[in-house]
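Participant: A single structure is presented below for examination.
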There are 2 protein chains.
Amino acid sequence: MTKTSFYPPQRTLMGPGPSDISPQVLQALSRPTIGHLDPLFIGMMDELKQLLQYAFQTQNPFTIAVSAPGSAGMEACFVNLVEPGDKVIVCRNGVFGDRMRENVERCGGIAVMVDNAWGEPVDPELVEQALEAHPDAVIVAFVHAETSTGALSDAEVIARLAREHGCLTIVDAVTSLGGVPLLVDEWQLDAVYSGSQKCLSCVPGLSPLTFSERAVTKIQSRKTPVQSWFLDQSLVLGYWSGEGKRSYHHTAPVNSLYALHEALVILYNEGLENAWQRHRDMHNELREGLEQLGIAFVVEQPYRLPQLNAVYIPDGVDDAAVRKLLLERYNLEIGAGLGALAGKAWRIGLMGYAARSENIALCLRALESVLK
Amino acid sequence: MTKTSFYPPQRTLMGPGPSDISPQVLQALSRPTIGHLDPLFIGMMDELKQLLQYAFQTQNPFTIAVSAPGSAGMEACFVNLVEPGDKVIVCRNGVFGDRMRENVERCGGIAVMVDNAWGEPVDPELVEQALEAHPDAVIVAFVHAETSTGALSDAEVIARLAREHGCLTIVDAVTSLGGVPLLVDEWQLDAVYSGSQKCLSCVPGLSPLTFSERAVTKIQSRKTPVQSWFLDQSLVLGYWSGEGKRSYHHTAPVNSLYALHEALVILYNEGLENAWQRHRDMHNELREGLEQLGIAFVVEQPYRLPQLNAVYIPDGVDDAAVRKLLLERYNLEIGAGLGALAGKAWRIGLMGYAARSENIALCLRALESVLK
């Protein structure tokens with residue numbers, strides 16, 4: 001008996017990611033594979049690096065895409081920057097802050113937790129208190145845009161506090177990159193990772209990453225080897241570096257990198273400021289409609305992410321049944337709640353290519369019809 | 001100024017990987033992205049698991065694809081199976097055996113090296129001597145098909161010796177899977193990883209992986225946490241497992257998994273035995289032609305991989321100039337030598353979809369013309 005191909009349906013992706021992908025990006029994805037050491041591919045990677053620097057608003061020479069999803073980008077930051085015994089202040093206001101703690105501990109570091117409630121931003125005062133209570137801390141780690149709650153924290157202020165206390169920063173920008181302002185150089189962030197499948201609207205599987213000179217210096221002065229060979233960025237740099245011959249480290253995910261290049265070309269040509277504005281505009285359009293349906297937001301207005309709208313599930317509504325109906329009747333995916341918000345909230349994404357009026361119209365109409 | 005798309009040329013890929021990819025696989029790659037928790041996607045993953053079990057010839061319930069390249073698959077085996085202080089016998093007859101040593105040491109394990117010359121297979125007698133000299137060893141790690149030299153080692157015999165001495169096996173099957181017989185259950189191999197971009201002729205970026213019940217038991221009885229969060233397979237299994245609700249671990253590389261599914265459907269429908277025979281037949285066709293050109297093989301005939309032909313660069317020939325000409329004039333990629341064979345050998349791949357008479361005709365004619 002023969003096996004058959006898999007034909008996915010055409011969904012509208014308005015969850016926490018993967019987001020809707022432009023047909024242009026899917027086309028780029030399926031272009032002919034060439035070798036990962038082919039001079040034309042190396043040329044494409046140089047351009048990709050510049051495009052990533054634009055998206056991150058940085059001049060950091062160390063700006064690459066990790067050949068694995070955002071979780072591996074997170075781990076790349078921790079395994080390269082944290083040595084056994086290092087004290088790291090970890091801000092936790094959702095799932096991903098807790099994953100940072102896991103990373104610190106698995107590197108043999110000591111995690112000092114700064115907790116805020118789910119749905120709240122990180123409170124810079126609490127960060128300052130922790131820095132004062134732990135003068136031996138060397139890193140502050142926080143999530144810029146919490147994908148599990150839709151809350152935006154003030155990366156600029158937290159990074160300034162960290163610097164004033166001699167700490168480097170590790171910043172989760174998985175959901176923020178391309179959706180809200182993220183100014184790596186101006187805010188002097190040190191190690192910042194993201195994901196391909198959120199506001200860049202590329203396929204999942206890659207993690208854009210940038211390290212400041214300060215971060216690179218810390219890596220170069222390590223006393224112990226990086227515990228991961230695959231994520232050891234001093235080795236990876238031999239492949240991504242523009243100087244001289246590229247050395248083989250691992251086989252790059254060639255086609256996914258075509259897609260990321262294309263997604264970043266789209267972002268560049270739209271312009272970052274325009275993309276941020278579009279996300280704000282679309283958020284307002286969605287917000288008005290949701291409010292008319294009597295649906296309330298989890299996050300207070302000033303800290304709300306336009307690209308990720310966490311909203312309370314109305315009383316008496318069957319969470320799973322509604323999401324199933326949306327998927328089956330309208331081919332529309334919205335996200336379930338995660339962690340503390342599981343069963344209590346939905347997460348409606350307006351990320352990248354998904355931040356369009358037609359998606360919002362579909363979402364509002366479908367929700368209205370299903371909630372009746 | 002606007003940025004523009006990247007259009008790669010149509011190369012014929014006859015290096016050590018990525019290999020030529022069937023248009024059918026590229027089509028699957030670019031199908032619409034759906035959510036990684038979408039019930040239809042979960043269904044596809046269940047089928048993918050069965051197809052991987054077929055390719056590996058195993059019934060292991062723990063059979064998945066790591067969301068990153070083969071190097072991460074290697075690391076997934078070591079970080080899950082090796083605990084600090086564990087003694088691991090590592091066979092080294094090329095680049096990838098040495099990478100295994102790196103992995104053992106970064107896990108805090110003790111690597112006992114068994115060395116064979118580059119181009120030779122692993123000598124089972126040396127493995128047996130090492131097992132006798134180190135009765136406290138717990139794992140034997142070796143490369144089934146050395147991508148850096150084109151040598152095939154006897155996985156069945158090495159695994160039997162390991163078992164007789166109470167050791168588990170970690171097996172690199174990156175280049176062997178789909179190209180030469182690999183019988184995971186019959187040979188009782190314990191942790192086997194591969195790559196998507198070799199004889200499966202899928203895009204690079206995924207690493208098929210299977211763990212035996214013995215390997216799973218060892219993981220479950222660990223005294224220390226796995227040092228990698230991303231590669232901690234006890235967490236990953238919560239997503240891949242067919243029992244009950246799938247729990248979110250990381251965002252799966254959805255489109256790459258479509259492509260792997262398609263590549264495995266092609267392999268299933270051709271049949272493993274037929275695929276192995278095709279690789280042998282194509283190897284013989286290439287070998288005859290190369291011998292007529294006076295080109296000699298690095299590996300002795302009985303240990304030669306049909307899918308990866310390492311050959312000596314003829315005296316007086318400029319290695320880089322020839323490869324450049326092949327690429328520029330014929331859009332043909334063959335591989336450079338790696339490590340000890342750099343500058344001394346070429347690696348001509350006949351992997352998966354690349355193992356076709358038209359590729360061989362092109363390669364032989366182009367080489368003949370360029371070497372004149």
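Cβ atoms are placed via backbone N, Cα and C, with glycine included.
So TrEMBL lists the following for this protein:
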- A:R347: substrate binding site (BINDING)
- A:36-338: domain 'Aminotransferase class V' (DOMAIN)
- A:K198: N6-(pyridoxal phosphate)lysine (MOD_RES)
- A:1-22: region 'Disordered' (REGION)
Participant: What is the number of other Cβ atoms found within 10 Å of the Cβ of the residue listed as 'substrate binding site'?
Facilitator: 24
Participant: To the nearest whole angstrom, what is the C-alpha distance linking A:K198 (N6-(pyridoxal phosphate)lysine) and A:R347 (substrate binding site)?
Facilitator: 13
Participant: Please work out the helix, strand and coil residue numbers for the region 'Disordered' (A:1-22) from the DSSP assignment.
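Facilitator: Across the region 'Disordered' (A:1-22), DSSP assigns the residues as follows: 0 helix, 3 strand, 19 coil.
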Participant: What average pLDDT does the predicted model assign to the domain 'Aminotransferase class V' (A:36-338)?
Facilitator: 96
Participant: Run through the Cβ atoms and count how many others sit within 10 Å of the one on A:K198 (N6-(pyridoxal phosphate)lysine).
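Facilitator: The answer is 30.
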